[in-house]
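Since the structure comes first, as structure tokens, the remarks are kept for the end.
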Amino acid sequence: MVLISDAFGLEISPNGILVGHGDQAVLYSSEPKVELPVQLREGKVRGFAWSSLRKSQRLLLLYSENEYSLIRCTTSSENDLFQLVYEGETRDWINAALFLEDENESEDRKRFVLHTSHSALLYMEYDLTSNADCTVLELARCTDSSILYYTKLHGSSFNKLAIISGNAFGELLVWQTQFPTESDPKSVMKTYPLLLRIEAHNGVIHSIEFDLQSQLLVTTSDDRSVKFWNIQKSGDWTTAEIKPMFSCYGHSSRVMCVVILKIDDRTFVASGGEDSYVCIWSSSGELILKRRQQFGAPIWRLGFSQDAEILYSTSSTGNLVGQNLKEVLNRPKIESTILSSLGDANEFVRNLKFVNNEIIVGLSSLNRLYYTRISPDSSHENKWLMVNDFPSYKRTVLEVFDDIIATCGHRRITLHRYNTNTNDFEQLFDGIRMKGTIRSFQFLSRDRYLVSDNLGYCLLLQTHQLHIESHIALFNNREPWITAALLISEQYLLLGNREGHVMLYCRSSASDDFQLKDSIRYLHGKMGSNFFKLLSLNADNAHVMSGGHEAFLKYLSVRFSDSTLRVSQREGIPLAWVEASPSDDLILGFNDNHIVAWSRRNDILLQLACGGGHRCWDFRLSDGDSQLSIAYVKQKRVYFYRNSLYNAVDNRLKDIEPNNWHVRNCNTLRLITPRNQSDPFILSAGDDNIIKVTQVTNDSLSQRAEMHSHISTVRSLQAIPYKSNGGDSSTWLVFSVGGRSQLCISQLSIDASNKCWISEISSHTLHNVAASKTSTIEARLMAIDVVQHSDGDLFSIYVAGGDGNISHYIWELETPNQLDLKHFVDIQRCPLGIQWIASKGMLLVSTTNGEVYGFDRTLETTYFQLQLHVTGINTIDIYVDRHLLHILSGGDDESIKYTVLNLNNNNVEQKIEYLGLHNAQVNALAIHCPTKSVAASELFAYTCSIDRQIYRIDLSTHKYKRVGYTCIADVKGMLLDEHQRMYFYGCGLQTMSISNIL
């Protein structure tokens, strides 16, 4: 089934890449991936250790929180065979494990050590021949027993084993199993002295790495620092000296992992943090590279393949990402090259464009046109050559499309065509077409152009002779010229001006001129769109992507029937502003003073320091969009950069498909099933402010769409089926609430090919209706439910706010921006959930003080008020059996309550409490009727808690049993679908079949 969970374990070896994914362990190699035979009972895989190879066999030790497993790996010419041979438990958390090569060890026995979080060391031996129990040879303890968060073991024999740990107080602790101070032969227990205690950090130490040859030790911590230490020892570890060198700060959150890299006799340090960034440092502490790798998810582990020189990382979403460092750490290739100057000290390139992969043209400060050829060999210096017979006048615009070069100035336009064979620039046109100073020249195609000037005069020109095709009337603004243009069809033209307005024009039937039909003000603020990209076009509408000076892509919908333009969707991206979208996967833009290339599949591909986005620059993609060339002007000099966008990673990763699940907690989940399909789609939302649409197919997930309408955490959502416009598509209205008192309403359509279309309908801020009219208090909206009226376009929306208000609104699709408050009730407690019972016309409300309310449709009548728990009710599920309402609830009091309410007289007919099932707050439960019968005698329940244990309860006999556990940390809820699948969500997602756990 599906598992998206933390990947805490990562081990790089010649045999492949081992990843601990939740309670599973996967081996990635050049062969198809192998899932190891692991049967952990409660934990997540935290680490691995390999033994040496003997007689084509080796042992793999795998450990979780307090469990460990031994797996025999038999190597053959065809493939490796893995067999689980032993499982064990410890009483304390396991921090590290290591196989040893002691001198008195026999070939049939393997010795290893397990280090636990209170500085205890288990020295054990396993007999390969008998598959018997592991024998404890020694229990070693340190005189210090503080709580340890990370341990690094060093040594090949037990008598010379060094233990370097970091504790919760930021101290670095070192001890060695060589000279015990206390010994108990009966219990094989020995105590060893602490050799070093060093105050290292102002927080928990999360990782330690050292290299004795380089005399370098590195630690990371909660304090966001990467600290370098000098480590020296002349003999055993009693002679060790560790002295601080310097601290490096490049992360904005906790630094969770670190590795030391050796590349071409140079030493580097790589660190990964909760901010999803990987920083690469030189041995002197210089930050060489900072790159976001995991789409915003916290990075838990780093691993380095010395042979392939690839840095791997794992994250909270379970993704494994590899980055080839061969070129990344090659200084000439990660920095821009300064091209030669023009020769005259008073003349410089002030604007430039790529003509092809090798030729760059530049417009000089003296309004002369130059060109240069970029050699593949960086050792060859480029030369700027002046274009002969170039008309002399002051230029304001330089644009290039294929081999056509356009230069413009006051009223005048000049076109040249570059001949790749002769290197000649043929003049195609030179003449006056405009009234003022030309500010914009847009290539709509190779022979159609849109030109605008500072007076608002705009023309659509065609052919290389610039014949006037039509006049276009622009807004009479201070800066009316065009920044982006798209000819959608022969009838429709989309323009964006310098002041931020986007305008839709339609060609007049009486003339060839275009008339303004619709507009959107300040689509990307007051700086205008930088580009339009046509995504789809049919007889009814067109979909267009727009990017500008903000961290969002906007998706526009053009409807031809009434010539209207609207924003259908937005998408948040990790760029300060967007400049171009040259391919489906690639977005180019700026962050602060860097040019950034961002990939939907690979996250940040490039961060090139250029000085900021205000300067003139251009780009070129080549080699199948895999190589990016960038040229820009800085301080009157031209800089050039060229490198591969996508790092070549070895074939061990070629078949790994990364998941696109939430990088923060998932708070709510709903299942929807399109018509004529059996597998459901998942609607999910969480702390990353994103609503995701994910298709479930067999045992895999495929993300289909995202909604970025929320500005804060999404707490709850509902999907209401809505009538579609015929065809095979299915449509839902999605209502969602969360932080900043925001209610968002969107439309989701899924066609027969499973393509999703999102349309953001409206967004509302629901202020406290009891406060003053000038109040700006924004209470978090905790829950929502929606009822569709008999009139299909009219809806009742029930919203529960963190201020204690339950509000009833009327909303109509025809007027989406209007929200009519009908009534509200203040229950004086924070509501945690609401649920509409359609068959009874009743709204069920659960609260933080353990009460459940039943309200009528208008919220004016309270049917009942029951005290079910002594603390908050975190989760609730119901089942209606004629006049009986079955309520199953779980709360902070760690108990589960089963209540049967008679709705005829509102009397409680049965109330059962299940104690002792869980030892943490209960956040997930569901009532299950396996035969789909209405008979309450066949009701069962499944429950889950923060302790991750899953229980099954027979609600008729009240017997229960533990049936499994989930890997999902901080479980927020669970659902059951028609295929008997359970969905657990929280910090990840896990699906499992009921039949597999019974």
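Every residue gets a Cβ built from N, Cα and C, even glycine.
For 148-185, the entry in Swiss-Prot reads repeat 'WD 1', with the evidence type sequence analysis. Marked as repeat 'WD 2' by Swiss-Prot: 200-239. As annotated by Swiss-Prot, repeat 'WD 3' applies to 250-291. Annotation source Swiss-Prot lists repeat 'WD 4' at 294-333, citing sequence analysis. Annotated repeat 'WD 5' per Swiss-Prot: 476-515, in sequence order, evidence recorded as sequence analysis. According to Swiss-Prot, the repeat 'WD 6' annotation covers 527-566. The repeat 'WD 7' annotation in Swiss-Prot covers 567-608 and rests on sequence analysis. According to Swiss-Prot, the feature repeat 'WD 8' maps to 664-704, an assignment based on sequence analysis. The repeat 'WD 9' feature in Swiss-Prot is assigned to 779-821; the stated evidence is sequence analysis. Annotation comment: Swiss-Prot describes 826-865 as repeat 'WD 10'. Among the features that Swiss-Prot reports, repeat 'WD 11' is placed at 868-911.
Within its own chain, the repeat 'WD 11' (868-911) has Cβ neighbours under 8 Å at 832-833, 835, 837, 839-840, 842, 844, 846-852, 854, 917-927, 929, 934-936, 939, 941, 943, 945, 953, 955, 958, 973, counting only residues six or more beyond its boundaries. Beyond the ends of the repeat 'WD 7' (567-608), by six or more residues, the same chain brings 290-296, 321, 336, 520, 523, 527, 530-531, 533, 543, 545, 547-557, 617, 619, 621, 625, 628, 630, 632, 641, 643, 645-646, 658, 689-690, 706-709, 746, 758-760 to within a C-beta distance below 8 angstroms of the stretch. Predicted-model confidence for the repeat 'WD 7' (567-608) is 91, expressed as mean pLDDT. Sorting each residue of the repeat 'WD 5' (476-515) by its DSSP state yields 0 helix, 20 strand, 20 coil. When the repeat 'WD 9' (779-821) is classified with DSSP, helix, strand and coil residues number 0 helix, 27 strand, 16 coil. Across the repeat 'WD 7' (567-608), the DSSP tally of helix, strand and coil residues reads 0 helix, 28 strand, 14 coil.
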